[in-house]
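Engineer: In case it helps, TrEMBL gives these features for our protein:
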- 21-304: domain 'ABC transmembrane type-1' (DOMAIN)
- 334-568: domain 'ABC transporter' (DOMAIN)
- 20-39: transmembrane segment (TRANSMEM)
- 59-78: transmembrane segment (TRANSMEM)
- 140-157: transmembrane segment (TRANSMEM)
- 163-180: transmembrane segment (TRANSMEM)
- 261-285: transmembrane segment (TRANSMEM)
Amino acid sequence: MLRDALALTEQGAKSLRRGAAVCALANVVLMLPVGVFYLVTGEFLAHLEDPATPLPLLAPYLVLIVAVLAVVFATQYWQYHATYSVVYQESARKRIGLAERLRVLPLSFFGKRDLADLTSVVMKDTADQERLFSHTMPQLFGTGASTAIVAVMLLAFDWRLALASLWPVPVAVIVLLATTRLQTAATRKKNAAALVLADGIQEYLESNREVRALNRTDDFLARLNGNVDAFERAKLASELTTGTAVSSTQTLLRLGTVTTILAGTALVAAGQCDLLVFFCFMLVVTRLYDPINLILQSTAELIDMRESLARMRAIEQEPAQVGSVDFAPQGHDIVFDGVSFSYENGEPVLTDVSFTAREGEVTALVGPSGSGKSTAAKLAARFWNVNAGHITVGGVDVAGVDPETLLTDYTEVFQDVVLFNGTVMENIRLGRRAATDEEVLAAARAANCDEFVRKMAQGYDTPIGENGALLSGGERQRISIARAILKDAPIVLLDEATASLDVESESLVQEALSRLLVGKTVLVIAHRMRTVLGADHIVVLADGRVAEEGAPAELLAASGLFARMVSLQGAAADWKL
Ligand SMILES: Nc1ncnc2c1ncn2[C@@H]1O[C@H](COP(=O)(O)OP(=O)(O)OP(=O)(O)O)[C@@H](O)[C@H]1O
């Protein structure tokens, strides 16, 4: 229950319970010196009133004071360990847990949540949780318990003074709870504005080159400034709401001291209360409010945390894409059988699509922009689950196979090559981590990378910058082909580059590809005439349906849609061949 409510791991919930118990104990132990003071002063005053009563003995009290100080020190140290130290372990567990979760979530999830949002959950929300679970949550639960214990003790001692000092506590809690809704609404607005701002900054950094090329820097910066202003306004509003609630509660607590003084003075004057008891009450009251004040100072963070927890829980509760890790297909023919699919928005993208991509053949998907070619290729690798029909590989339905296991049989060479900020060697080795240097070099040679890599300052050990920023388009593609050759998976999904490479670069890429594709099941999103006519099988998609399929010669001879489009290629501007 506690675990679900606060999005903790099992170990984390245990640590929090323990931390709260230790905090309660530490808070109660802090009252012990007041008890010692009460005893010593009591005896001393008794001696003043009646000199026949002996003075308090120094030695036992010294021992008691040292013992009390030792207990206070020990519980404070224990509290520190039980809250601060263990919470960092929980935070590490939480981050790893979230990252693991993201690894098994379907890609559809990433369409719903943007990158800045997810980064903020893994980095900021876990850090917020870490701070709160070390500084506030154990104290919050612990203070609840210790205040109850101290309240019972005070009531037993003098119920009138106890009521005069304790009344602000429930009233403060009521005021805080009553204003929670307002505070939550303001916090939500602030978080939404922060996300828009983070998104804007990320977009600007990512598209900096395009923005400059289009001379739109001023517009972009003006929009960013607007986002900063909106965030500032939302943050001010949120702080004002929380600040007002917290200050009024703190004032209420101060009123508690005032009412204790008034009640105490009246009772002492009427001879109904001992001056010493009154004095001790004053000492306890100030300490009683201290931990509550501490929690009040964290109200904004507590409210923020509710939002953070909801976002973490959303990731943890999102259904993962799971399946069997025993994947033993008979060959690698890919069969689409009555496949229909739509993205989150529900618009049909593929409707009743059936075709077979055979092992050892190149199957080309062609069709107008937006006809569903890329979607079909990605569905073959279970990037998403189909809504109807089946996709099988070697007779095994991909919907039942663990995505990571399935992808060991796939290589993707997509247009948007993703390279990492490492050396050329490291980037190629991503194809197969266990590959030896010789195997990496052989793959690089087969992918026509060797010549340009050797010209680089440090050869294969040259860092290639973030996302390969230091490489040309053709070079990036050849690196990704080298990776694919190294992986040597039986199925290749290929999204042919539309980016215009120069003739030499294009022929180097084609040559590298032809080495990669031999004997594989190749599903290619075709854009070039040469590939289309060189394919073994063509599937023509139009509006998400199979309009025609067959060998290139058959389709040309049939004088159907494909043949018409080929002959009208120049005029049919929206066709990508
Ligand atoms: N992640 C997504 N979420 C929602 N809709 C999408 C997504 N990806 C693609 N679509 C939509 O699905 C339809 C098919 O897109 P797809 O990229 O599969 O077509 P395509 O034939 O490969 O196009 P192109 O040749 O332009 O790359 C389009 O209408 C597109 O807007």
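Each residue, glycine too, has its Cβ placed from N, Cα and C.
The model shown is predicted, which means the values in this text are computed figures rather than measured ones.
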Engineer: Where, among 59-78, 140-157, 163-180, 261-285, do we find the most CB pairs under 8 A to the transmembrane segment (20-39)?
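Structural biologist: Per the Cβ under 8 Å count, 140-157.
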Engineer: With pairs 6 or more apart in sequence, are the transmembrane segment (140-157) and the transmembrane segment (59-78) linked by at least 3 Cβ pairs under 8 Å?
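Structural biologist: Counting Cβ pairs under 8 Å, fewer than 3, so no.
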Engineer: Report, as numbers and ranges, every residue of the chain located at least six residues beyond the transmembrane segment (261-285) whose Cβ falls under 8 Å of a Cβ in that stretch; write 'none' if there are none.
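Structural biologist: For the transmembrane segment (261-285), the list is 31, 34, 37-38, 41-42, 45, 150, 154, 157-158, 160-162, 164-165.
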